[in-house]
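Asks: Pasting the relevant annotations from TrEMBL:
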DOMAIN    89-270  domain 'Phosphatase 2A Regulatory Subunit A helical'
REPEAT    12-50  repeat 'HEAT'
REPEAT    166-204  repeat 'HEAT'
REPEAT    205-243  repeat 'HEAT'
REPEAT    244-282  repeat 'HEAT'
REPEAT    283-320  repeat 'HEAT'
REPEAT    326-364  repeat 'HEAT'
REPEAT    365-403  repeat 'HEAT'
REPEAT    404-442  repeat 'HEAT'
REPEAT    482-520  repeat 'HEAT'
REPEAT    521-559  repeat 'HEAT'
């Protein structure tokens, strides 16, 4: 040692080495997370010459430590001296890109992709591209799968000779012996196609796509479907029919339901990519088949796309296609045996009304909505209810209420409390659509009944619902319609219902304003401060704290304070506590 100085300068790396060799994984993990601090302490040169070689040599740790390391190295460019030295980060990341654990490899590839942009074109060819080649021709499948994610980031910035080599490596990986590698190649095929020149998309990518789409492994074929959609967006219209459609048609009828599911899932993207003519000739029959598929998962995925598919149909033939080809399939799905299929359809079917217009909606869609509102599966009913507004826009509230109201009332009294809850949450929107007279006549009593429901969550939601209704219909409506009924519950023999009165007062005081609160609600709260049940009394203290800001200071001092002081000397500990808390908050913030 050449004295104390060099001793000190070696200290951070020595500590790191000690911690990285510690038996405790957590300590090793912590030291990896502190890497940037250590690199700063060492300076750029020693980070390059000591820290990185050390890290490269010690890559044999627990997966979580390696994962943290792979992530850290992606943000290390400035710590090694900026872009001109960024290639120093490649050796440790290359090692991490070959480990067995997938999440570590993925993170290493993510960091490599990130730092690839920081290489100059020259460095990319000298340092980065050789790394990609090494990974692509590695003995272990792990390195070859990692290579698949790196082609597209270096291709656009290298010379044409190197581009040709990259294309060749990608071709080789697409026909690799290991399914995992072909899967990785298939998942990156669309991304790689996007950076290629059009001539190579036609000469190279199409044949690779066709091969991967007929791979023996369904996990490879389904990833090829996604790539097919990306490739379709790159090709001129006249090439689509010959180059891409035969393969996609074949995928839509694949023997594996997973591949067909993928086609259904990507259907809207595919439709946008291929344009109106191919949609009419090819996609409409394919979509019909997917809606009638023998596997429920495929039918559900297709049902989910019904509205989008219909919206994107060419305008001149949209209505005809829907009425003759799509609607018959939809009618069958309404009574499907699988609840996920029915639920998926229910979440989008209402959207068809805006596309088909008033007469078609009343004649063809309303019967379907009503059938779904009577479905035994709650989720189907809820999905219909929560999309009512788009039907209302098309056919008007009078028609809607006559048909749908009985079903809504039935749901509001459903035995499953979650169904009742969902209806409550929808009520303010429904009220806004129906208008105040209709609401008072048909639905007001329901809203009040929920306040005494035996499930707390329903009572709580019903309280919140009242507040939203007052925001919609105004304080005067509240005073005439809601407040008297709420205050009447203060005399209910069931203490839970008396407490609901307090919760409602808390929620309504702000929206009803000072006058109604002081004149009508406050006297009831004061009266309840003498309730037999301690729970009610301490909720009175909480209520007074909540409505304090609405009241004027004179009322607070002369009326509220004496009641709180009385409660603060209550025999019950909880009542005392909440009363004192209310006094502190209300009167200290004055």
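In case you wondered, yes, glycine gets a Cβ from its N, Cα and C as well.
Just so it is clear, the model here is predicted, and its values are computed rather than measured.
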Asks: If you run through the repeat 'HEAT' (205-243) with DSSP, how many residues end up as helix, strand and coil?
Replies: 33 helix, 0 strand, 6 coil
Asks: For the repeat 'HEAT' (404-442), give the DSSP counts of helix residues, strand residues and coil residues.
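Replies: For that range the per-state counts are 34 helix, 0 strand, 5 coil.
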Asks: Under 8 Å between C-beta atoms and at least six residues away from its ends: which parts of the chain pack against the repeat 'HEAT' (244-282)?
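Replies: For the repeat 'HEAT' (244-282), the list is 206, 209-210, 213-214, 218-219, 221-222, 224-226, 228-229, 231-233, 235, 237, 289-290, 293-295, 297-298, 301-302, 305, 308-309, 312-314, 317, 321.
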Asks: Could you tell me how many residues in the repeat 'HEAT' (521-559) are helical, how many are strand and how many are coil under DSSP?
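Replies: Across the repeat 'HEAT' (521-559), the residues distribute as 32 helix, 0 strand, 7 coil.
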Asks: In the same chain, who gets a Cβ under 8 Å from the repeat 'HEAT' (404-442) while lying at least 6 residues past its ends?
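Replies: That would be 369-370, 373-374, 378, 381-382, 385-386, 388-389, 392, 397, 449-450, 453, 455, 457-458, 461-462, 465, 468-469, 471-473, 477, 481.
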Asks: Could you put numbers on the helix, strand and coil content of the repeat 'HEAT' (244-282), residue by residue per DSSP?
Replies: 33 helix, 0 strand, 6 coil
Asks: Would you list the DSSP helix, strand and coil counts for the residues of the repeat 'HEAT' (326-364)?
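Replies: The counts are 33 helix, 0 strand, 6 coil.
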Asks: What residues elsewhere in the chain lie close to the repeat 'HEAT' (326-364), defined as a C-beta under 8 angstroms and at least 6 residues from its ends?
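Replies: Contacts of the repeat 'HEAT' (326-364) (Cβ under 8 Å, skipping residues fewer than 6 from its ends): 284, 287-288, 291-292, 296-297, 299-301, 303-311, 318-319, 371-372, 375, 377, 379-381, 383-384, 387-388, 390-391, 393-395, 399.
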Asks: For the repeat 'HEAT' (166-204), give the DSSP counts of helix residues, strand residues and coil residues.
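Replies: Helix, strand, coil within the repeat 'HEAT' (166-204): 33 helix, 0 strand, 6 coil.
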